[in-house]
Amino acid sequence: MKWLVLLGLVAFSECIVKIPLRRLKTMRNVVSGKNMLNNFLKEHAYSLSQISFRGSNLTTHPLRNIKDLVYMGNITIGTPPQEFQVVFDTASSDLWVPSDFCTSPACSTHVRFRHLQSSTFRLTNKTFRITYGSGRMKGVVVHDTVRIGNLVSTDQPFGLSIEEYGFEGRIYDGVLGLNYPNISFSGAIPIFDKLKNQRAISEPVFAFYLSKDEREGSVVMFGGVDHRYYEGELNWVPLIQAGDWSVHMDRISIERKIIACSDGCKALVDTGTSDIVGPRRLVNNIHRLIGAIPRGSEHYVPCSEVNTLPSIVFTINGINYPVPGRAYILKDDRGRCYTTFQENRVSSSTETWYLGDVFLRLYFSVFDRGNDRIGLARAV
């Protein structure tokens, strides 16, 4: 019996492809010294989700944690393959990287796709535009072979940027969207849907484990769930509607007192967001309740008080998900402790929260396209 269990584990591990993530120096500290943090956060921390213009074959892909700002992983495009660092983003649907014919300064500081060097490249005459918080890009839809670990999507449509503005401080080369196809700004079929249609994955599921480790441990996995990354049972939450990774949140509380989302609200589970983002008035109230003092674009607390701060509890589908002070307070390179609650600068008619990497480092997340639901469990 022991041999059967051992053989099963060996077979299971052979189907897993892990793509590591590592944590680098925080861009928050680098940029804040140049009074550029507000624009940088608008462009990169949570605006990826705010587009204004249109089991058996388990694959795990390692990601790198850029000092609590963003998690990146490597993919390759073309034949022979060219490597790019991309953000795996559950709030957008498209894959795009810089093109070799982009002359914008932002493109010159990143890896650009050299289409003439790929024998499988195919151009289309379709263009697209996308606008972020304070940046914008223009691109063209093309086709080529894209690889995520050992997953291969042939003739995959994706975007090549031909103009980029406001992205000069970006660490990553591009974005790989994992949301539903209906919110694609380019109209191209997302890579996850293409892999599913090509039967490259056994189940229409992907999952994220975001490690606290600066150098390794974080993974995105496709086609199933590796149960070694979480403890207990997965708590499944139905989506508000098929077509977006957003769920109904019951409330947000501190010490059993409701402080936000009092009548229920919308929560987007967003791997492309570094912080927890919500309406300005409610975020300011949280800062007041924990005694955070504004300084520039940040709110700070004495580092000596971090372990005494109350947990902020997010209740989703009747299950409490506490986020302790040591998770929502981070330390910058000057040794100062700042909060990771940020106000949403884009107005919304309904109360909406973005549960970004601060939340997802605590809770393993599963995105189930087959059943239009999200699973959450305590990460190991």
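Using the three backbone atoms N, Cα and C, a Cβ is placed for every residue, glycine included.
Counting every protein chain shown, the number of other Cβ atoms lying within 10 Å of the Cβ of ASP89 (active site) is 22. Summarising the annotation, Swiss-Prot assigns active site to ASP89 (among others).
The active site annotation in Swiss-Prot covers ASP270 (among others).
Summarising the annotation, Swiss-Prot assigns disulfide bond to CYS102-CYS107 (among others). The Cβ of CYS102 (disulfide bond) lies under 8 Å from the Cβ of ARG112, LEU160, SER161, ILE162, GLU163, GLU164, each of these being in the same chain and 6 or more residues away along the sequence.
Taken from Swiss-Prot, the feature disulfide bond applies to CYS261-CYS265 (among others), supported by similarity to another entry. Counting only same-chain residues at least 6 apart in sequence, those with a Cβ under 8 Å from the Cβ of CYS261 (disulfide bond) are MET249, ASP250, ARG251, ILE252, GLU351, TRP353.
The disulfide bond annotation in Swiss-Prot covers CYS303-CYS337 (among others), and the record cites similarity to another entry as its basis. Neighbours of CYS337 (disulfide bond), defined as other CB atoms within 10 A of its CB across all chains, total 20. In the three-state DSSP reading, CYS337 (disulfide bond) counts as strand.
What Swiss-Prot lists as domain 'Peptidase A1' is 71-377.
According to Swiss-Prot, the N-linked glycosylation site annotation covers ASN57 (among others), on the basis of experimental evidence.
Taken from Swiss-Prot, the feature N-linked glycosylation site covers ASN74 (among others), and the record attributes it to a curator's inference.
Residues or ranges marked as N-linked glycosylation site by Swiss-Prot on the basis of a curator's inference: ASN125 (among others). Sequence-distant neighbours of ASN125 (N-linked glycosylation site): no residue of the same chain at least 6 apart has a C-beta under 8 Å from its C-beta. DSSP assigns ASN125 (N-linked glycosylation site) to a strand in the three-state reduction.
According to Swiss-Prot, the N-linked glycosylation site annotation covers ASN182 (among others), on the basis of a curator's inference. In this structure, ASN182 (N-linked glycosylation site) is part of a helix by DSSP.
Positions annotated as signal peptide by Swiss-Prot, on the basis of sequence analysis: 1-15.
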* Candidate with the highest Cβ count within 10 Å, taken from the disulfide-bonded residues CYS265, CYS303 -> CYS265
* Structure fact -> By Cα geometry, the one of the recorded positions (ASN74, ASP270, CYS337) nearest ASP89 (active site) is ASP270
* May I ask you to report the DSSP-based helix, strand or coil state of CYS303 (disulfide bond)? => helix
* **Separation of alpha carbons, ASP270 (active site) and ASN182 (N-linked glycosylation site) (Å)** => 17
* Asked: Which number gives the other C-beta atoms within 10 angstroms of the C-beta of ASP270 (active site), all protein chains shown included?
  -> 27
* Structure fact -> Densest Cβ environment (other Cβ within 10 Å) across the recorded positions ASN74, CYS107, ASN182 belongs to CYS107
* Structure fact -> Check: min Cα-Cα distance from ASP270 (active site) over recorded positions ASN74, CYS107, CYS303, CYS337 goes to ASN74
